[in-house]
Every structure is written in C-alpha cells, then in structure tokens.
Amino acid sequence: MPAITLILNTNHTKQAVVWATPPHTTGTALLAQAQNKFRSKALATVFQRGGVALGEDEQLPPEEDRVWIAKGEAYAGPPVTLPLREPGDAAEVRIIAERSFVSDEALKQLERVASLPGVRVAVGMPDLHPGSRFPIGCALVADGVYPALIGSDIGCGISLYRLASLPARLDAAKLAARLTGLDEPWAGDTRAWLERYGVHQATAFDDCSLGTVGGGNHFAEVCRVESITDEAGARELGMTEDELYLMVHSGSRGLGSSILSSQTASSSYLPASSPALAPYLEQHDGAVLWACANRDLIAHRLSACLGLPGEAEPQKLLEVTHNSVTPCPGGPGGDDAHGARRWLHRKGAAPSDTTGTGIVPCPGSRGDFSWLLRPIGDGLLNAHSLAHGAGRLRARSEMHTQPPSARAKLVDTPLGSRVVCEDPALLLEERPEAYKAVEGVVGDMEAAGVAQRVLCLRPVVTYKCRAK
Ligand SMILES: Nc1nc2c(ncn2[C@@H]2O[C@H](COP(=O)(O)O)[C@@H](O)[C@H]2O)c(=O)[nH]1
Ligand SMILES: [Mn+2]
C-alpha cells in the first residue's frame, strides 16, 4: 500500500506518514487523517506539490506521495519548477488600478508570471489579488499555454437569469428558508442534462457534483435592480426594476481540478509545438461546457425551490467564463508577426469580447452591490478583459478574528439581504469586509476607458451552503 507523507504547511519538520490507496486518498480523507495525526481540527486545506488545493472528492494523483496541510494560510511548500525565460524576451506588464488597493504580493506574482517564457502581455485588473502561487484578476497573452495559470477551477464564471416578477412583499428570510437540498446531488438525469451542452464524456463528477454551488467564493444570489445607468443597455438585456434575478457563480467543481492535476504531473508549459496541447485544450473546453451546464442546473434547482409564480424555467440573460484560455483575438497584440497563434489566459478576468449583448457582470460581495458593465475601447489596453469581481482584499485566515457573539449577525448584511451559509468558517471568511469595494473597481475601469456602467444589482438572498 503506498505511503503518503502529510506535512504541516507552517512547519515542514512536522510530518506524518499514512498508508492509503483510492478511494481513501481524497482531500476529505487525507484532511481527516491529518487532523487526527496532528491533533488539530483547525486544519482545513490539503495542498498538492506546487500549491494546488486537493478538492474534497478529488483523489491525490498516484504519482504524488506528499501533501502540505494548512489551516487557512497560503501554500508554503516547494514550488513547481517552471522553465526559465530567454534573456531579452520581455513581457509588458500593465495594471488597471488607480483607486483599488493592489497588494505588493499580488504585484510580485504578476511580475513573476510576466517573466515566464513565451508570456507577452500581463494585465492586472483592479480586482488583482494574490493566489496561492499565481495572481487572480489578470489576463495574460502567451505564445503557448500554462495550465497552472488558469488554475483548478477551469470554466468558473458567472451567469445571470431572470427568475420572476418582484413579489408585492419581498421577504428575504422567507425566500432563504425555501433554499434547501441544493447541496445534495441532483436526482435528475445528469447525462441527459450534460448532452444538451455538448458534454458527451461521462466523468466521476457528474452524478455527485453537477448542479451544486461548491464551496469557497461560489454563490447563487437572488437579486433585484437597484438602479439603471444605461437605459438602452438594460433594454437590450430586457431587465427592469420590477423583477427578481439570479446570479450564479460556480465552475467545474472537481473536474477542472482533476484536469490540472493530471496536467501538472506531465508538463507545466505547453508551447504550440507540444503534442500535449491539443489534449489539454480538449479537456479544458469540456470543463468550460460542464461549468456552464452546472450554473444552469443550479439556477433550475434554486428556482424550483423558490417556487415563485411566473416562468417555469429561469431565463438566462448573460454568461461569462472568467477562468479559461482561448486563442487571442486577432489584430495588433493578437497573433505574432508571423501569424502564429497566441493564447489569452484569463485567471479571474471577464472577457470583454463576448458575443450577444456583450454586457459583463462585476459582482461585489454578498454585502455590496454588483454591476453589469458594457465593455468599451479596442481591447488592447485590457487584453480584451475586465475585472471579474471586486476581488479579495483580505486573506481567508485574516477573517477568523471576529468575536463569536457577532457571528449570528453575519447572516444579515448591511444591504438588508439574507445569507444562507451554515458553514461557520466560510461565513466568516466570505464577509463583505473580505472584499475590495466594487465602486472603486468599477471606477478604475471607467477611468481607464475600458467599461461603462449599465445597471446596478442589490442582493436579496445569497446562497452558499446548508450544514453538512
Ligand atoms: N454578489 C456577490 N459577489 C460575491 C460574493 N462572494 C464573492 N463575490 C465576488 O465574486 C468574485 C468572484 O471571484 P472568484 O475569484 O472566486 O472567481 C469575487 O471577486 C467577489 O468580488 C457574493 O456572495 N455575492
Ligand atoms: Mn470564479
């Protein structure tokens, strides 16, 4: 039976060896072993080599024999070694953030990725903040593809739906109470649902995860229009102040993570000539479709729970994927001088070149407004991308200092909305104060001439999770 070494992330001399084979090598199983061995229930994250978190249901890849166990702090194990850059091969770094706070660590991470071989342009959006290894809130143009820059939640994004007419008396607590069973696997036919999105290959994640929000920053938020800045834009979307809407933020759950794990085991950089590029892109594109199907199923399930009078199905108004790699749009800054394809990596960045209305969401937090924006300009300054949200201001670990008596209040927000989050740690970590002010982020994009305001949304109920 293979030995797996559990290493304390904050003190690498503290190690424990466990003997485990699948199915006992999931994130949940290894975390339970670590909590037991190190006698600490506060341990919360299992990192793989290089800093990719092992998902709850995800198996540790068979070639890995050690993991780093953290409480909530950033990964402190050894980095995955990336190839060195050729001398004189400089990338351009731009930051679109005059008003929004961007930490030194985030800037350092952006500069580090800009120095990777083949990277041509690195743009930090106003929501730029540090990730475990790579920055979040950025768009990167490169000659090849770096799977690790897109990260484990391939296809994560935001979809917006019309739910129903605004009830005469809007009672957020009553609506919140109706949201039950959403963390359980969906009882319907996941295969048939996925086929509609062109996902023909079954995965281990379909039956257990499709249609569930997932942890972390993911959410499903019932909201209403607070104000309209651009009447024509609101009309294009068909949005009014008399209706309830639903914003869903989720991704490919464990699927993207399993794709990244298998990838990082083989290669960290896929230049155009790599035979591994096409297979990675095929898996990546499948995860993007899976994530889209997932958000629609979450909307379907949540709408059924609410049982509001009106349309049988939520009507999708817009959708963006903010973790992905796509061929760079043509024109200057796109392909290279010889017409070779370049790749646009978006790690927490919304595309500003979407089809349809082209309008893009910029969520704030559960206690802040969210904006719908119209991208403007030629896309060169901002690498055809916008901020994908307000962005994290404080690390999760910093959010645990709230005195316990204040916790009950966290389910009511300053905007009068209600939060369903029965995981006490997550309730603290996702407090509105953990995020930058969306006003500054939107203001930065307006000032840079890359976006205009269309409409502002106010949260009514934010769904995260029920107790396990
Ligand atoms: N309206 C809400 N916005 C939220 C909430 N929690 C987080 N957020 C925003 O979404 C983005 C998503 O970021 P990602 O890196 O996890 O993809 C984040 O930057 C926040 O600004 C919420 O509950 N409601
Ligand atoms: Mn996301």
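Here the Cβ of each residue, glycine as well, is placed from N, Cα and C on the backbone.
Keep in mind that this is a model prediction, so the values were computed, not measured.
As annotated by TrEMBL, GMP binding site applies to Asn217, His218, Phe219, Ala220, Glu221, His322, Asn323, Ser370, His388, Gly389, Ala390, Gly391, Lys464. Less than 8 angstroms from the CB of His388 (GMP binding site) sit Met125, Asp127, Gly137, Ile158, Val320, His322, Arg346, Gly348, Ala349, Ala350, Cys362, each of them six or more residues away in the same chain.
Counting only residues at least six positions away in the same chain, the Cβ atoms of Cys156, His249, Ser250, Gly251, Lys464 sit under 8 Å from the Cβ of His218 (Mn(2+) 1 binding site). Residues or ranges marked as Mn(2+) 1 binding site in TrEMBL: His218.
The Mn(2+) 2 binding site annotation in TrEMBL covers His249, His322. Secondary structure at His322 (Mn(2+) 2 binding site), as computed by DSSP, is coil.
For His388, the entry in TrEMBL reads active site, GMP-histidine intermediate.
Non-local contacts of Ala390 (GMP binding site) by the CB criterion (under 8 A, 6+ apart in sequence, same chain) comprise Asp127, Cys362, Pro363, Gly364, Ser365, Asp368, Tyr435, Lys436, Ala437, Val438, Val441. Asn217 (GMP binding site) counts 23 other C-beta atoms within 10 Å of its own C-beta, drawing on all protein chains shown. In this structure, none of the binding-site residues His218, Asn323, Lys464 sits close to ligand 1 with a C-beta under 6 angstroms from any of its atoms. Residues Asn217, His218, Phe219, Ala220, Glu221, His322, Asn323, Ser370, His388, Gly389, Ala390, Gly391, Lys464, recorded as binding GMP, reach a greatest CA to CA spacing of 20 Å.
Taking a C-beta cut-off of under 8 Å and a sequence gap of six or more, Phe219 (GMP binding site) has these contacts in its own chain: Val213, Met247, Val248, His249, Arg366, Thr462, Tyr463, Lys464.
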